[in-house]
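Let me begin by presenting the structure, written as structure tokens, before commenting on it.
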Amino acid sequence: KKKKKKKKKKKKKKKHFLQDLKKTEKKHHTLTMRTHATLPVSRKCSVLSMCVMDRRGLLTVLCVLWSVVCVTECVRRHRRSDTCETGFYNTSEGRPCCLCPQGFFLVEDCTSPRGDSVCKECEIGTYLDHSNKQRKCEPCKTCSSNENKEEKNRCSPSSNTVCRCQEGYYCPKEECKVCYQCNKCEFGVKVACTLTSDTQCNEQSADIKPWVLAVIIALCLIMLGLLVFFWRQKLLCFKSHEAPEDPQVLEPLGDPNLEPFLPKIAEILGFKVVRNMVKRNGLLNQAKIDNIMDEHPRDANERAYQLLLAWYQKHGMNGACKTLCDTLTDMSMRVEAKKVHDLIKEGQSNEEERQNGHV
């Protein structure tokens, strides 16, 4: 009985506990529902306010970034306008404007200080190779075949035509008017002709056959005898027609450096005599003579000097003085030969006196 009573009591307690638990759950559920009903509105408001705050902050950041970009661009443009890459020029009104870049010419001045001018690209056949304010472009240079030239680089709006010598021609100067024909070598080429230097030829080979050498010597002796014979005949024939000359034979002067005397010699002889003398020697070809004449068309003394200089450089110092005087004598120019001889002799005497004075 006691056990049954205890079991009943336990069942009652358990039943009461379950009832209390259900009541507590109902109260908790009711409280939760009330809280849930009130919380979403506040939360919605807080979320909405947070969204509004986030959007305002984002707009603020975007505005700040946009302001920085605008200021940077303005500063960059201002600096670019202050430091124009091509430089500035002042208009007639005193307004500074940007120069036109190379390859363009000025059409219209700028409208605002330190602004860009209105420029136009050079047309075909014209160029400008520097920043400028010119109203028109320069005409391109042409490479004339009459000057023995050909085109190396074509003309562009920003650069002039570049010419070079044709094959077989050279020019020793950077800026040359005419290209000269390269020399042809009889005994082989030592250094080939380039665009800036003439051909250097080998000297005559020493291993010549004896019979060839004998023939050459015999021919030279015959030619020398004939020259002496005809020279004496000319002296006898024209002696009565010539002005009184000094019959004294010109004394040998050795091998002085004739280059300092060439301008005065050219003045004494004149262009025609120098040209005939150079042709008579046969050291310069006709093309070389024509080129020198084309370079100095209006100055006869300069042409005579350049011919003498080219002849002297080709002949060399050894025997040049004797060759010059002998050739003039053969041309029945004894008076001129005597003047040249006396000029060189006087120069040698002055040089010796100067050296003795220094000693």
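Placed from the backbone N, Cα and C atoms, the Cβ positions cover glycine too.
Positions annotated as domain 'TNFR-Cys' by TrEMBL: 121-163 (among others). Below 8 angstroms of C-beta separation, residues 86-87, 89, 97, 99-106, 169, 177-181 of the same chain, each at least six residues beyond the ends of the domain 'TNFR-Cys' (121-163), sit close to that stretch.
Residues or ranges marked as repeat 'TNFR-Cys' in TrEMBL: 121-163 (among others).
Summarising the annotation, TrEMBL assigns disulfide bond to Cys122-Cys137. The Cβ of Cys137 (disulfide bond) has Phe105, Cys122, Glu123, Thr126, Tyr127, Leu128, Pro157 as same-chain neighbours under 8 Å, each 6 or more residues away in sequence. Under the DSSP three-state reduction, Cys137 (disulfide bond) is assigned to coil, being neither helix nor strand.
According to TrEMBL, the feature domain 'TNFR-Cys' maps to 164-201 (among others). When pLDDT is averaged over the domain 'TNFR-Cys' (164-201), the result is 88.
Here TrEMBL flags 164-201 (among others) as repeat 'TNFR-Cys'.
Here TrEMBL flags 211-231 as transmembrane segment.
Annotation comment: TrEMBL describes 284-344 as domain 'Death'. In terms of DSSP helix, strand and coil, the domain 'Death' (284-344) has 48 helix, 0 strand, 13 coil.
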Outside the repeat 'TNFR-Cys' (164-201), six or more residues from its ends: residues with CB under 8 Å to it: 143, 145, 147-152, 285, 287-288, 291, 294-295
Other CB atoms within 10 A, centred on Cys122 (disulfide bond): 24
Summary of DSSP states over the repeat 'TNFR-Cys' (121-163), given as helix, strand and coil counts: 3 helix, 15 strand, 25 coil
Three-state composition of the repeat 'TNFR-Cys' (164-201), taking helix and strand from DSSP: 0 helix, 11 strand, 27 coil
